[in-house]
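Taken from TrEMBL as is:
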BINDING   ARG48, GLY49, ALA50, ARG91, GLN197, ASN248, LYS249  substrate binding site
SITE      CYS158  site 'Transition state stabilizer'
ACT_SITE  ASP238  active site, proton donor
Amino acid sequence: MSHIESVRLTDEQTLVILDQTLLPGETTYNTLRTKEDVFNAIVALQVRGAPAIGIAAAYGAYVELARHSYASVDDLTRYFYEVKAYLAASRPTAVNLVWALERLEQVVVQSWSSVEELLLALREEAEEIRREDARVCEAIGRHALALLPHDAGILTHCNAGGIATAKYGTALAPLFLGKEAGYSFRVYADETRPLLQGARLTAWELQQADIDVTLICDNMSSIVMQQGKVDAILVGCDRVAANGDTANKIGTSGLAIIAKHYGIPFYVCAPTSTIDVACLTGAEIEIEERNGAEITDTWYEKPMAPAGVKTYNPAFDVTDHSLITAIITENGVLYPDENGQFEVRQHVEV
Ligand code: MRU
């Protein structure tokens, strides 16, 4: 498959990201040099999607650490914790962000004889997080593909594609792999209000890959399911709780409820980096609330709503585990037990 890289570390110790807010009209790459650059790019969703945020945070921490000098390893270690706390606060829901920074922390806590040696090890760990994510996404794609008929109608929400990860995506990975293997999927992409990740990013990525994609508004998902156009729903996720409750882009839980009504399988594609076993149920997942202007002012030159109207703009919702047919990780497909309970572990055994 042709591959568009959304996050890259350069030899000049900078981070280059594809600005996802400008797609599909413009393919612009931004160079990030400081922790503030990285923080702002994550908040603005220039880099977005749970795994891509994790990669950007790991690279971003390294880039920030590498641009200063230190009197000692202890000095560098102290600054690492400051940078970690700063970047971890950029977005609250996707656990991959903290997970990636904790991977770097595991490196920092080892014993190092020089600042240079530690910096090199941090760079290598950040690179490994990216390489690993590409392998993980490919494995998710292979497991998911095995569940799908050759000519399946698929509905997806938001964007869990290649640009939201290192490569392949999670929910879109089986579609890219299926294309290579001669499958002829028909994909329905929800536009995904308010920021249109489905319209701007998923429809664009699938078109680029020459996969049959039809864009629908969010409120059309019930009719396409009712009309028998959808054989399976595939979504990504931002955090999976220990009981299988799953946070993903706002609107996902509604889709799962409708899918249950029509008896359509609802699959959550989840790298184990998105699993948070410390979080017992979905009720403990922090839901990011974003600026109401995203609802009232974003897509026309003039405001789209009356001035001063109250807004509520949660960026994610939690899908109850009882609505999920299976969670597909790089290690395989996890189904609920006979009581409808998931037992999710970091290294899910299936
Ligand atoms: O707010 P976003 O665009 O970062 O939300 C992204 C999603 O909800 C994705 O489905 C999720 O992060 C999985 S990306 C593989």
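Positions of Cβ are set from backbone N, Cα and C atoms, glycine also.
Any TrEMBL annotation is an automated prediction that lacks curation.
Small disclaimer: the values here were computed from a predicted structure and weren't measured.
If you take the CA of ASP238 (active site, proton donor) and look 10 A around it, the recorded positions you hit from ARG91, CYS158, GLN197, ASN248 are ASN248.
Cβ proximity to the substrate site centre (mean Cβ of ARG48, GLY49, ALA50, ARG91, GLN197, ASN248, LYS249, cutoff 8 Å) flags the following additional same-chain residues: ILE53, ALA94, CYS158, ASN159, ALA160, ALA164, GLY236, ASP238, ALA315, PHE316.
Taking the binding-site residues GLN197, ASN248 in turn and counting surrounding C-beta atoms within 10 angstroms, the largest count is reached at ASN248. There are 25 other CB atoms within 10 A of the CB of ARG48 (substrate binding site), with all protein chains counted. For ARG91 (substrate binding site), applying a Cβ distance below 8 Å and a minimum sequence separation of six or more within one chain yields ILE42, VAL43, ILE53, LEU97, GLU288.
Put simply, the two farthest-apart Cα atoms among ARG48, GLY49, ALA50, ARG91, GLN197, ASN248, LYS249, the recorded binders of substrate, are 17 Å from each other. Around the Cβ of LYS249 (substrate binding site), the number of neighbouring Cβ atoms within 10 Å comes to 26. CYS158 (site 'Transition state stabilizer') and ASN248 (substrate binding site) are 9 Å apart (CA-CA, integer value). Around the Cβ of GLY49 (substrate binding site), 30 further Cβ atoms fall within 10 Å across all displayed protein chains. According to its DSSP assignment, GLY49 (substrate binding site) is coil. For CYS158 (site 'Transition state stabilizer'), the same-chain residues that are 6 or more apart in sequence and have a Cβ closer than 8 Å to its Cβ are ASP190, THR192, GLN197, GLY198, THR202, VAL235, GLY236, ASN248, LYS249, GLY251, THR252. Here the Cβ of ALA50 (substrate binding site) has 27 other Cβ atoms within 10 Å, regardless of which shown protein chain they belong to.
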